[in-house]
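Notes for the one structure printed next.
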């Protein structure tokens, strides 16, 4: 969940988001060390009075500043490739949900169940109840079982959209005529909010996403009541 004036990432709720948070910290530390080194060298150049006007080349220095950046790039690329593989790979999903973007709402279809589908519209500000969040609440939440791998198939009926839930580490483009895939998995129950993250028209800001992650038994009871 996001908070006012928040500067950091949202709390990780899925294994993928935990990996992304660790990778963010790993990369940020490398960037911080490089920036510190560069600023230190610049300060030395501005303050020292010693110069080497006769130096034409420095083979050792050139070797270092060629090899060192290559090593740094490898240290960044290896964990990045691992996370990319984890985000794309899904074996034996417990559930498949088809998500379609529209101007300006989402529709969901539980493909493992017959006739379990619905549209999800934003609740207008005037209809909100005490404690509900402005521009983030919907009339029909996506109820999913926690601690199970779930495959989301994402596409669009009209223009480009993007289905994003930050606390789960999800952001997948919804493209007309193309079916994209994302993996949803939550470590704990709760409500997780997202929004369309691709400018899709005048009401782009009014396409919220609400995932309600519940234990498997509650999900089975809910799905039985919806059919």
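Including glycine, each Cβ sits where the backbone N, Cα and C put it.
Quick look at what Swiss-Prot annotates:
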- 161, 196, 200, 207: Cu cation A1 binding site (BINDING)
- 1-14: topological domain 'Mitochondrial intermembrane' (TOPO_DOM)
- 46-59: topological domain 'Mitochondrial matrix' (TOPO_DOM)
- 88-227: topological domain 'Mitochondrial intermembrane' (TOPO_DOM)
- 15-45: transmembrane segment (TRANSMEM)
- 60-87: transmembrane segment (TRANSMEM)
**Fill in**
In DSSP terms, the topological domain 'Mitochondrial intermembrane' (88-227) comprises 21 helix, 61 strand, 58 coil
**Prompt:** Within the chain of residue 207 (Cu cation A1 binding site), which residues six or more apart in sequence place their C-beta under 8 angstroms from its C-beta?
**Reply:** 101, 104, 105, 106, 122, 161, 195, 196, 200
**Message:** Please report, as numbers and ranges, the same-chain residues at least 6 past the borders of the topological domain 'Mitochondrial intermembrane' (1-14) whose CB is under 8 Å from any CB of it.
**Reply:** 20-21, 24, 166-170, 184-188, 190, 192-193, 213
**Asked** Per DSSP, what is the residue tally for the topological domain 'Mitochondrial intermembrane' (1-14) in helix, strand and coil?
**Response** 0 helix, 0 strand, 14 coil
**Request:** Could you check the binding-site residues 196, 200 and say which one's CB has the most other CB atoms within 10 Å?
**Result:** 196
**Residues from the same chain, set at least six apart from the ends of the transmembrane segment (15-45), whose C-beta lies under 8 A from its own** = 9, 72, 75-76, 79-80, 82-83, 86-87, 166-170, 183, 185, 187
**Outside the transmembrane segment (60-87), six or more residues from its ends: residues with CB under 8 Å to it** = 15-16, 19-20, 22-23, 26-27, 30, 34, 169, 182-183
